[in-house]
Amino acid sequence: AAAVTPRPLPGAAAAAGAAAASAPTAVHGAALGPLATGRAIVAAGGPSALYTGLSAALTRQVTYTTMRLGLYSTFRAAVVGDGADAPPPSLAQKLGIGLAAGGTAAAACCPVEVAMVRMYADGSLPPAQRRNYAHVGSALTRMWAEEGVATLWRGAGPTVARACVVSAVQLGVYDQAKQSYAGWGAPDGVGLHLAASVTSGLAYSIVSLPIDIAKSKQQFQHRETIARVAREEGLRKLYAGFGAYFLRCGGHTVGMFLAYEQLNKLWGKAFEANDTFRAGGGTRFPLNRGPAGKKPSLPPAAAVVCSPPAVATRPPPAVALPRPAEPAASTHRPGCSAPPPPPAVV
């Protein structure tokens with residue numbers, strides 16, 4: 001099955017497009033249900049309110065998602081190799097690789113995450129308490145100037161924990177589902193990508209929603225944890241608004257992976273058509289992998305040995321050698337000693 005081998009530019013473009021498409025489902029207030037929430041938001045702020053925080057969402061995808069996709073590919077190659085004979089990683093290895101990639105990326109991109117959560121939640125505050133950030137750059141600079149640099153990493157613990165879970169499940173399950181479905185006979189194509197991405201999005205939504213609730217509450221300046229929410233508000237509160245959450249996260253996952261796979265093919269074809277790049281020793285970007293999870297590699301180019309051009313030369317002139325003298329007639333008589341041999345001709 002074609003495994004996840006993310007590359008930066010296709011990953012960034014796919015993630016940004018998916019974020020823009022799913023932005024209307026990501027705004028605050030999903031507990032009412034997706035349709036009721038949408039109507040309430042439009043009634044309060046107009047259709048443009050559905051895209052509140054879009055600049056932060058796009059920035060987060062271009063930074064955080066690009067980093068975790070790239071790190072997943074890098075860590076995967078470090079664990080099992082990246083050659084044509086590299087074995088596919090186990091499910092436990094895929095989950096561990098995704099966990100490490102997501103945690104590293106989330107720690108680096110936490111400021112953008114905080115800005116995004118605040119911009120989403122700003123509309124639910126009373127008008128006097130709203131921050132009214134103009135865009136993600138305004139949010140970051142104002143948080144730094146008004147509240148200190150430590151504010152940019154507020155809620156970093158839940159953010160990193162969520163990213164570890166999300167990346168482990170989203171990337172690891174997609175990788176495993178794609179391999180499993182292909183092993184069961186599904187041909188590589190949009191149908192396989194769709195089935196694997198829906199599986200990944202569902203698993204991701206079920207696992208990450210409780211962490212997402214705790215993270216959002218803490219970043220919104222409320223000291224909340226999963227245990228506290230469950231103790232004070234009940235376990236059902238941890239899955240409040242699951243329909244809207246799955247519509248957002250599942251839709252984002254499907255859109256991201258479908259776009260990624262297609263962009264990945266275009267990206268690879270661009271390098272395949274570039275003979276200069278290949279002749280210069282560049283690495284060919286593999287597109288597909290076999291049923292066992294292995295990917296075909298480009299056979300090495302034949303070595304070219306440069307030698308000086310042959311110079312045409314004339315053969316040396318023939319030298320006439322003197323013919324040896326004919327030996328004299330033998331005068332040997334029986335009973336006499338043998339005559340000496342004739343002198344050698346040099």
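Quick reminder: no glycine exception, Cβ is built from N, Cα and C everywhere.
Lifted from TrEMBL, the feature list:
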{"type": "REPEAT", "residues": "2-78", "note": "repeat 'Solcar'"}
{"type": "REPEAT", "residues": "89-180", "note": "repeat 'Solcar'"}
{"type": "REPEAT", "residues": "188-266", "note": "repeat 'Solcar'"}
{"type": "REGION", "residues": "312-346", "note": "region 'Disordered'"}
{"type": "COMPBIAS", "residues": "320-329", "note": "compositional bias 'Low complexity'"}
{"type": "COMPBIAS", "residues": "337-346", "note": "compositional bias 'Pro residues'"}
In DSSP terms, the repeat 'Solcar' (89-180) comprises 78 helix, 0 strand, 14 coil
PLDDT averaged over the residues of the repeat 'Solcar' (188-266): 81
Just give the helix, strand and coil counts over the repeat 'Solcar' (188-266), going by DSSP. 68 helix, 0 strand, 11 coil
